[in-house]
């Protein structure tokens, strides 16, 4: 009965995590559509300090969608292992990229499509091999978990590293090194996820009619969550303000997910009873998602489609054989194309033109 209940909770958490990604990914599109409508009306843009978006219903729809996604994500941690829920957050990036190509006319190039496919495959592998965490159903059990020497040492190291980065490294290198602020967000994020798991248990007990509000751990977890989330938002905004979003997003995802996986493994002992193939599968899925997110973001400004691939291969083959494209082939495809122009103009002719010689013609 307990095992059946565990699988039932696992699937509930999985559905909540996936729905969270859909809501959060869609929220970016709704907000962007609302801001674009305001820009067409001539209203002062948000980046210039305007607040006209508060009167735009599409923007509010995006905000509500974001809120629904965060609530679903919060609830998912109460049912499924953090090792499963956190990596599936990458699907929100995937949903946002796909929807933006349809509704915002933002082109999704070949690298982006491959990245989306890899993210889906990686997420599927992680779902199949996701570990089963130890059952923690009461606040008293959670209190024992948080008092475990291994977790106490981990939490102490996280706090020390965070304080050093905030007060020593940050003021000196935060403006130039992208890893400083992202590391602060990531390591503190591991503690915030632990607080979310504890509060999820609190809410489940509260609905069961137990006097959990009298338990001091409930308020400690709530206060800790507020401090952790506030710090994360502060330093993530700093990183986004200084560095390119396409670089910040994948790095933050990797660092944050790694921190959460480490914290969850120490706190809930998720890896102790896993078979070797499940461990390898979990890491393989995680690495596949990382590669997918990297391809999706790193090359999003590169104009490269599947139609370009044969042309590139033919050009490489011609270069290897030491041959040039014939004039007939150029006119057969497009005589004004950059490739044909480059092929028809030899280095000697270009040099002659620069020297003012008519021999090039």
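Even glycines carry a Cβ here, placed using N, Cα and C.
Annotated transmembrane segment per TrEMBL: 12-30 (among others), in sequence order.
Cβ atoms under 8 Å from those of the transmembrane segment (57-79) belong to residues 9-10, 12-14, 16-17, 19-24, 26-35, 37, 85, 89, 92, 193, 196-197, 199-201, 203-204 of the same chain, restricted to positions at least 6 beyond its ends. Summarising the annotation, TrEMBL assigns transmembrane segment to 57-79 (among others).
The feature transmembrane segment is assigned by TrEMBL to 85-104 (among others).
Annotated transmembrane segment per TrEMBL: 111-130 (among others), in sequence order. Long-range contacts of the transmembrane segment (111-130) within the same chain: residues 10, 14, 80-81, 83-84, 87-88, 90-91, 93-94, 97-98, 277-282, 284-300, 302, 304, each at least 6 residues beyond the stretch ends and with a Cβ under 8 Å from a Cβ of the stretch.
Per TrEMBL, transmembrane segment is recorded for 150-171 (among others).
Marked as transmembrane segment by TrEMBL: 178-199 (among others). Residues 74, 77-78, 82, 86, 136, 139, 142, 146, 155, 158, 161-162, 165-166, 169-170, 217-218, 221-222, 224-225, 228-229, 231-232, 235-236, 238-239, 242-243, 247-248, 251-252, 255-256, 258-260, 262-264, 267-268 of the same chain sit 6 or more residues outside the transmembrane segment (178-199) yet have a Cβ under 8 Å from a Cβ within it.
TrEMBL lists 219-236 (among others) with the feature transmembrane segment. Beyond the transmembrane segment (219-236), the same-chain residues lying 6 or more positions past its ends with a Cβ under 8 Å from any Cβ of the stretch are 162, 166, 181-182, 184-185, 188-189, 191-192, 195-196, 198-199, 202, 248, 252.
TrEMBL lists 248-267 (among others) with the feature transmembrane segment. Panel annotation: around the transmembrane segment (248-267), residues 81-83, 86-87, 89-90, 93, 133, 145-146, 148, 150-151, 154, 158, 178-179, 182-183, 185-187, 189-191, 193-194, 197, 236, 239-240, 286, 290, 293-294, 296-298 of the same chain, lying at least six beyond its termini, place a Cβ under 8 Å from a Cβ of the stretch.
What TrEMBL lists as transmembrane segment is 279-299 (among others).
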For the transmembrane segment (85-104), sequence-distant contacts whose Cβ falls under 8 Å of one of its Cβ atoms, 6 or more beyond its ends: 13-14, 17-18, 20-22, 24-26, 28-29, 32-33, 36, 69, 73, 76-77, 112, 115-116, 119-120, 122-123, 126-127, 193, 249, 253, 256-257, 260-261, 264, 285-286, 289, 292-293, 296-297
